[in-house]
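Since the structure comes first, as structure tokens, the remarks are kept for the end.
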């Protein structure tokens, strides 16, 4: 049996832009994607700490070092620049893999610069 397990998150990032007219997705600074081991086009959940909204979308790469967390498309109705969010990724793992999984937690500062990688 496979289990769906939490495997990585970017914790308490700040939304820097919201573009209602973009087709969809979330644009994330490539440095943060690398730190969290999230791939371009990978499904992610976004949990808005500021207002409680939650959604599923997919990740796009933003410029390295930019700190960009850009909410695109219809999701821009749910999240605004300045909102604090958690961006999480999950994966399917065998029973054995699930029991030894060590998720990555990427902690960022107010400008979405990497502060620390922290295991759960």
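For all residues, glycine too, the Cβ spot is worked out from N, Cα and C.
Residue 25 (active site, schiff-base intermediate with substrate) is surrounded by 19 other CB atoms, counting those within 10 A of its CB over all protein chains shown. Feature annotation from Swiss-Prot assigns active site, schiff-base intermediate with substrate to 25; the stated evidence is sequence analysis.
Shown in sequence order, 24, 25, 26, 41, 42, 43, 44 are the residues of the chain, 6+ apart in sequence, with a C-beta less than 8 angstroms from the C-beta of residue 58 (active site, proton donor). Taken from Swiss-Prot, the feature active site, proton donor applies to 58, supported by sequence analysis.
According to Swiss-Prot, the feature substrate binding site maps to 57, 73, 74, 75, an assignment based on sequence analysis. Cβ neighbours of residue 57 (substrate binding site) (same chain, under 8 Å, six or more residues apart in sequence): 24, 25, 26, 43, 44, 46, 72, 73, 75. DSSP assigns residue 57 (substrate binding site) to a strand segment in the three-state reduction.
The annotation pyruvic acid (Ser) is assigned in Swiss-Prot to 25.
In the shown protein chains, 16 other C-beta atoms lie within 10 A of the C-beta of residue 73 (substrate binding site).
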